[in-house]
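First up is the structure itself, then whatever we jot down about it.
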Amino acid sequence: MQSDGSDTKHGFAATSDSEPGQVGPARRRFGFNFSLEVHQEESSFATTKNTSNADFDPIPPSKRTWNWGAYVAYWMADAWAVSNWEVASSMIAVGLSWRMAIGACVLGNFLMGLVITTNGRIGAILHTPFPVLARMPFGYYFSYFVVLSRCVLAIVWLGVQTTTGGQCMTVLLTAIWPSFANIPNHIPESEGITTAGMCGFVLYFLLQLPFLCIPYTKIQYFFAFKSIIAPIIFLAVFGDTLHKAGGTISHSTVITKGTTIHGATLAWAFFNNLNGVLGNYSTLGLNIADFSRYANKPSAQNVQAIVIPFIFTIVGLLGIFTAAASQSAYGEVLWNPIDIISLWMKSGSHGGRAAAAFGAIGLLIVTLGINISANSISAANDLMAFAPRYINIRRGQILAAIIGSWAFVPWKILASAQKFIAFLNGYTIFLGPMTSILMTDYYILRRGKVSVPDMYNFHGIYRYSQKWGTNWRAVVAFFIGCIPPLPGFIDNIVEAGGSKTSVSAGGQHLYVLLSILFLSSIMILHAD
């Protein structure tokens, strides 16, 4: 790692009293020895207490505990999710055959695996979190915009996943006490949730909080536990549905329907759904350093390039087969495993209720794992960037959970806000250029020769300019990447709400191709 040699303490130049957010040295203490200020190691890379803390510093060798098996467990835990299980539903609905849907999943997950592994290597080498790495290409000030863009998305999805967990909790409570389903509703229908549903949501939210306090050096063991439980639950749903369907799925319209669109319409539909697969984990493609920084050696995280396309394709395939079997078993195509587990209770037997209870417990564990791996830790790292003197990973996760679960009213988002869901799914137009710029800056422009101390130094080389603290070259490349597909992005949101726009077919096609076209084009523009 290189440095300009002008640093006077831990490789840093002296800083002035005008740094943003600086506060007095007095520690604010309350009872039980609680301090608003978080612990800061003596060896901190930061020049002042308001720029870093022990969690925000590069991971020391003693805490680099993730080997290749930990990354396998991480993605095994993340892949077995309801959203990945039913990813092919929208593809088949627009006219793709189930084989083409799987093809889109294979290609999309293969490309995302490459992006995540390539970007993850930066964190595995430097051991710094994503918000710190963002200062390298974007500059100290503009990196806050980049981090905020990622942070908001993580917090919103944390709330959405908490709502899904609340649905699982409601199924569990109903399976144990059937009368729970008959609780009188006192919440207006426009809110998108019932009184019973709110009880399940609150209980799941409270259940989730202790898991957010697990140290990041130990969380890999929870991922390993979930990677065992999740396949058992989903395979049980598949096996039971297939058994009730008579052991065959060949007569289901999901399998026999085939491709119902052709020519250019088929091609654009395929690329549109490929874009959806890429967008599903574009967030982690950007901030994977939040997890790869724990690698015990840089090569440990390389296994992601193999695990991601393999396991995500398996989950999507089983989701298709289960939906096909459900048509014969229940008389309708059911994509959501929560719906299938809920039907187990309707038999009225103790066995059906017990199976539903165990299934709901399994899905509770699944949702907990996803919220930690994909949302809460990422949001916590992002929040630390804005107030590292007071927020560490644990506090950041709890704060993100409170904001995401209550401020964004996620149950209403899931129930009615189709436009907002389309906005979240299309957020790739902003994250894609950011990811491309970060990789281009590290691998092509700097060829891996960077200064970690300067990333923590407000007046270091990554400030770029004394007044603006921004790398305008990266900013221009970012806007060139996200502006062209913007009309198609807006059109997609409006159509999700049932309306139409005057956006041309060309504008829509630019949006469809954004994840492939602009990832490569922005790399060229930023490198030039």
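The backbone N, Cα and C atoms fix where each Cβ goes, and this holds for glycine too.
Bear in mind that TrEMBL entries carry predicted annotations, made automatically and left uncurated.
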For this session: Could you check which of 134-159, 420-445 is flagged in TrEMBL as transmembrane segment?
Result: 420-445
For this session: Please find, within the list 24-43, 44-63, 164-183, the residue stretch that TrEMBL describes as transmembrane segment.
Result: 164-183
Exercise. Which stretch, 195-217, 223-242, 420-445, 472-490, tops the Cβ pairs under 8 Å count with the transmembrane segment (354-377)?
Worked result: 223-242
Seminar exercise, completed: For the transmembrane segment (472-490), the candidate among 96-117, 195-217, 398-414, 420-445 having the most Cβ pairs under 8 Å is 420-445
Exercise. Taking 3+ C-beta pairs under 8 angstroms (sequence gap of 6 or more) as contact, is the transmembrane segment (303-325) in contact with the transmembrane segment (96-117)?
Worked result: yes
Seminar exercise, completed: Among 96-117, 195-217, 223-242, 420-445, the most Cβ pairs under 8 Å with the transmembrane segment (398-414) come from 195-217
